[in-house]
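Below you'll find the structure, written out as structure tokens, and then a few comments.
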Amino acid sequence: MLAQSIRDCILWIRKTPDRALRAAKEAADLYQNIQQESRIYQNLRGANDATVILYLDKELSQYERTVKLRLQEFRVSSALLRGFEASQTESAETKKMVEEIEMAISRSQFLRSILSASSVKTHKPLAFEKTGIIPRSIPRTFDRLRRELLASSEDLVVQEFRISRYQTLTSLKFLASLIWIPWIVSWFLRVWWLEPTITMFWNQDQTQLFLHRSQEERALSDMRAFQEKVYFEVLVGEAPDPTPEVLQRRIQAKARDLAEASNQNSIESLANLGSDILACLILLAMLSLEKTKIAVLKSFLDELIYSLNDATKAFFLILVTDVFVGFHSTHGWEVILELLFAHFGFPESKKFIFMFVATFPVLLDTVFKYWIFRYLNHISPSTVAVYHNMNE
């Protein structure tokens, strides 16, 4: 059994060059397929979709890196295993395959040439185009009829479906990464670095027991509730009348428990603040580095939103406004602020909460109404009409 395992391991190691070369060949074939599909799509459309071009260029870059890494793996493993096997014929065939892969990657950098600043700057979302003398729907209708009457309209539909699939997959993956990567990284840093560091410095250098006045008031309130519970149990006969020494020990034990709980709560509050700051920094770094995927995600969300009918759009508008700026939204904002204060360990301020609830929803409602008047009227007047009718 051991000898067979050793032979299998040796065989797997000796096949590393072939395995790396096959992986490089597969990545090069996918690279060429994406290039061909994007070229056909551009010829049929007669125009460059900057978002699609950005995404396909990103895909080509990934496959190109895969090919280079696999070829490097092939060269290194071949150099280390040289002399084990491989005849001159096999070496010649392998060399020919490597040259074909390198030529396929270096040939025809199609998307790199059309991905320029001018093409990206001149591209604007369809829903935000400025209105002119002729309504936008008329030229769009003629353009749609022209493309449907072309002999290559079926190819256009297939290519648009593939491009849409690319766009949807990368949008969902990027959206999931924006949610999970900052949370996972910040959680890992909190557990293994931030919280132990805060615990060490807090327990060594901190002289005061409580982080702020509100925390002290909660501890005192819990202490009074414990004392009242003890006396109540004695009065109703659920517990025997304790001696002063026993009562003092119980009160001291409860005080130590409350002190330890308050100390741990202070450490967790500081750790929450630090980990959330780290998560925000990671999110900002991702947004600044992944501008290509942001453009793809924005295009995907635009298509998703504008594909809804007017009644559905109006329904979501009413839902959002009623939740955040509606009559009962003040209670929701109060709960959110109290949760944030407890999460970060900030002292609760009723005056600040009342002032925030009295001003922020009003400001948000004003901004929303201005957005409807300034932008939504030009983008989708029918949605605005349905929205007002549903509100009435």
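Every residue gets a Cβ built from N, Cα and C, even glycine.
Listed features, source Swiss-Prot:
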| type | residues | note |
| --- | --- | --- |
| TRANSMEM | 174-194 | transmembrane segment |
| TRANSMEM | 269-289 | transmembrane segment |
| TRANSMEM | 316-336 | transmembrane segment |
| TRANSMEM | 352-372 | transmembrane segment |
Can you tell me which recorded stretch out of 174-194, 316-336, 352-372 has the most Cβ pairs within less than 8 Å of the transmembrane segment (269-289)?
174-194
Where else in the chain does the transmembrane segment (352-372) make close Cβ contacts, counting only residues six or more beyond its ends and a cut-off under 8 Å?
321, 324-325, 329-330, 333-334, 337-338, 384, 387
